[in-house]
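K.L.:
Below is the structure I would like to discuss, written out as structure tokens.
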Amino acid sequence: MVLSYFSNSPSFCPLFTEKMFHNFNVSRLFCCFFFVRREMAEWQTKAEPSSVRQVAVLPDTIKVNGDSLSFRGKANGQTYQIYYKLKSKEEQLAFQNLSSLVTLTVEGEFESPEKQRNFSGFDYQVYLKTQGIYRNLKVDQILSSQDRVSFQPFEWLSSWRRKALVFIKRNFPNPMNHYMTGLLFGALETDFDEMSDLYSSLGIIHLFALSGMQVGFFMEGFRKLLLKLGLTKEMVHKCQYPFSFFYAGMTGFSVSVVRSLIQKLLSQHGITKLDNFALTIMVLSLLMPSFLLTAGGVLSCAYAFVISVIDFESLTSWRKVVVESSIISLGVLPILIFYFGEFQPWSILLTFVFSLIFDIVMLPGLTLIFLISPFIKLIQVNFLFEGLENSIRWIANVFGRPIVFGQPSSLLLVVMLLVLAILYDVRKIKNG
């Protein structure tokens, strides 16, 4: 009450300007918003869910791994992570090819998500909580399946994304289909786990994390297409809003994609650099309040912050790529070590080389192949992806495993970030 009184009193202190009061009130609103969100999450974690007989499947979350099936479904206004042991080959094929919206009638029981087992281990319960999921549903038997009609755009996008993933899986061979689903739709199947481990050991798994480069490619391509069709710039800017929502949905509404799209849309209005970054964080806080509670969300924003702070525009094209790749990798190094406890020294060089392959060659190439696939299927290029994977295996053998540091304390993380900030400040003073 005291804070409320003083914050609304213009004569509280002459040192506090109107802008400072405005900022304080905005901060207070955000604090209230996050407090309410946290209390709601805690209440839902402790509340016992009512029994469930029917579950609406979210198609693009379906994962089949042998006889194990997992997906996310909605019931009684809540989202659940659902597990089921497939009973037959026919059931396995049915779910592998399922892409429409269906409601399942099931028998099962609720379970609390698994907590962190060991020190610094993965806490699955906390992760699901950031996704708005507070219970697992272990299904013993699926009694029936019925098609359903939905009027929710989010569920339409889930179905369309799943249709695209199933189409690619059916029509393109391994390993080509993995790169197509990963780079175009942000989805990697479980049978890509071996290669995922190799990419992770080399420190370049982030190449599959859709972000600025992919968003820029599709947004710019869409803009140029509309301009060639004769639309005015004002109309193109308006059309990019629904297209952004569509693209975010087709990539699973990942934090990195949503963050990149928000920054791209804000830049259309002349908001750039740190102002752009600050507004993006504010918008993300409202749309995805738990985005900074995951490693992916923190790293995505860290990359964006480094790009916003450092000016790369004065560099020539090839030098810009080298310097940008190096500085970004070093800038997020403390956060990488904090979350994963290891670092691959060769990742800076490998990121530079493979980002050129992924973003300049593979992304446009796979997009074109996917778009013309209803008419012509260019599966003959699969040998290139086989060659790429053989190269990755050879590089992994040559460069070896990453250096393991162990997870540093929060205090050490702050110290490392401060050292980087001081180095940047010294460099800025010298250049100034």
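Note: Cβ is positioned from N, Cα and C throughout, glycine not excepted.
As the structure is a computational prediction, the values presented were derived from the model and not from experiment.
So TrEMBL says this about it:
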type     : residues : note
DOMAIN   : 183-423  : domain 'ComEC/Rec2-related protein'
TRANSMEM : 198-222  : transmembrane segment
TRANSMEM : 243-262  : transmembrane segment
TRANSMEM : 282-309  : transmembrane segment
TRANSMEM : 321-340  : transmembrane segment
TRANSMEM : 346-372  : transmembrane segment
TRANSMEM : 403-424  : transmembrane segment
K.L.:
Under 8 Å between C-beta atoms and at least six residues away from its ends: which parts of the chain pack against the transmembrane segment (198-222)?
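P.N.:
Residues 182-183, 186, 188, 239-240, 243-244, 247, 251, 254, 256-257, 259-261, 263-264, 296, 299-300, 303-304, 307, 343-344, 346-347, 350-351, 354-355, 358-359, 363-364, 367, 392-393, 395-396, 399, 401-402.
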K.L.:
Can you tell me the mean pLDDT for the domain 'ComEC/Rec2-related protein' (183-423)?
P.N.:
90
K.L.:
What else in the chain is close to the transmembrane segment (243-262), if you only count residues 6 or more beyond its ends and a Cβ gap under 8 Å?
P.N.:
60, 153-154, 157-158, 160-161, 164, 185-187, 209-212, 214-216, 218-219, 222, 279-280, 283-284, 287-288, 291, 294, 296-297, 300-301, 304
